[in-house]
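Let me begin by handing over the structure; questions about it come next.
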Amino acid sequence: MGVLPGPLPSLLLGLLLTSAAAVLGANPGLVARITDKGLSYAAQEGLAALRRKLQEISLPDFDGDFKISRIGRGNYEFHSLDIRSWELRSSVLRPLPSHGLSLSISDAAVHVEGRWKVKMNRFLKLQGSFDVQVMGVSITVNLVLGSESSGRPTVTASSCNSYIQKVEVDLSGGLGWLLKLFHDTIESKFRRILESKICEIVEKSVASDLQPYLQTLPVTAGINSFLDVDYSLMEAPRAAAQILDVMFKGEIFHHDHRSPVALLPPVLSLPEDHSQMVYFAISNYVFNTASLVYYKAGYMNFSVTDDMIPSDSPFRLTTSSFRAFAPRIARLYPNMNLELQGGVVSAPLLKLSPGNLSVTPQIEIEGFVLLPNSVKKPVFRLGVAANVSATLNFNTSRITGILDPGKLQVELKESKVGVFNEELMGGFLNYFMLNTVYPEVNEKLAQGFPLPLLKRVQLYDLVFQIHKDFLFLGANVQHMRV
């Protein structure tokens with residue numbers, strides 16, 4: 001069986017190739033909804049990353065003077081401070097409506113080791129080691145979410161506060177007992193230094209780590225050599241109670257040139273479902289912008305000649321074979337080949353309803369006899385209605401699909417060769433589509449369509465629903481650490 005070359009498969013491929021966008025509120029093309037469950041997971045992952053950064057805090061040396069009755073004056077110095085471990089036990093990431101997100105870390109602990117030395121009078125110098133246990137550390141940082149003019153997401157730390165509940169300093173060495181006399185002063189200095197360093201490292205981490213990571217979200221993603229999808233943010237992410245919605249344009253456009261789209265995304269009402277970490281609501285707008293691109297580029301026009309018919313087909317594109325459809329054609333044009341030229345009347349629009357995904361392209365086909373002098377003689381014109389449904393699936397990062405064609409309905413619009421058997425012609429076209437067009441289209445659909453995901457993010461526990469005007473995809477998220 002031969003494979004159909006040329007643009008004919010685009011007639012159906014353009015209808016169902018794309019699948020990754022959602023609509024909400026101000027009618028963007030795509031919305032990714034992150035639930036409280038997803039925010040909790042993000043907080044856990046953020047905690048692991050922040051622990052590594054806090055471990056890198058460099059604590060400065062500090063010193064001071066003291067005076068003890070009947071002993072005299074002296075000075076002390078704490079140096080070679082080294083953070084041995086951080087224990088971050090609990091974190092909460094919650095939306096701040098009209099602002100962004102707030103990350104709260106509580107009941108953290110730090111273990112610090114170092115050296116101390118004391119100088120009294122002119123001759124007495126002693127030194128030793130110390131061990132610090134810092135307990136009840138809390139950190140709160142507010143994050144402002146926004147978007148650049150390019151459509152990439154942004155994040156900045158608008159405020160950071162840290163608080164240390166308890167500091168215990170354990171000193172060893174000859175004058176350890178002496179320093180314990182003014183340990184409150186030492187612990188207070190240590191608390192101030194560590195609290196300022198915590199927020200310093202948190203704010204730097206937001207700018208140098210979190211911001212670049214958010215910008216791994218694609219602004220444009222390639223679908224194939226012909227189509228791209230616009231994933232730019234239309235506005236800053238919206239924070240509401242228990243959810244964060246990220247609005248994307250979600251428009252499909254020609255890879256080489258882009259033209260205005262005369263379609264608007266529908267207003268959708270998303271289900272209040274929080275069982276998964278993230279949801280995508282995919283509007284029919286996304287599919288239909290792809291259909292418009294294919295239609296305007298002429299990829300939904302096609303031409304069929306006899307050499308494109310599968311070799312095992314009982315019907316050929318010759319006047320002899322077409323005697324079964326139009327008895328006079330073989331007498332008027334004996335032993336000649338035919339050519340079918342067709343295309344959709346307008347860009348087919350995808351329809352989504354609960355549990356159903358379908359499209360009904362209206363096609364016009366004109367038949368020509370290829371005369372010996374290379375002239376194409378028009379002999380009939382047909383109207384064809386195609387009912388196509390589809391099955392969609394998605395995996396860890398992509399959506400795939402399979403077409404399920406229905407029976408073609410053929411109507412004779414004009415005949416210059418007399419009586420024409422529409423039903424038999426419908427059978428021929430069905431055979432041709434099932435054995436040539438659909439297999440090629442399904443092979444391309446199986447390659448999939450990328451969802452807008454951050455780097456190293458994969459989806460699992462997948463759920464899929466079809467609602468009026470949109471697809472609803474839910475999943476849990478796994479971040480693949482480097």
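In case you wondered, yes, glycine gets a Cβ from its N, Cα and C as well.
A quick note: this is a predicted structure, and the numbers were derived from the prediction, not measured.
Under the heading disulfide bond, TrEMBL lists C160-C199. The annotation domain 'Lipid-binding serum glycoprotein N-terminal' is assigned in TrEMBL to 33-257. Here TrEMBL flags 272-475 as domain 'Lipid-binding serum glycoprotein C-terminal'. Annotated signal peptide per TrEMBL: 1-25, in sequence order.
Are these features on the surface or tucked inside, and what are their neighbours?
The number of other Cβ atoms within 10 Å of the Cβ belonging to C160 (disulfide bond), over all protein chains shown, comes to 18.
Here the domain 'Lipid-binding serum glycoprotein N-terminal' (33-257) returns a mean pLDDT of 89 for the predicted model.
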Would you count the other CB atoms within 10 A of the CB of C199 (disulfide bond), including those on all shown protein chains?
17
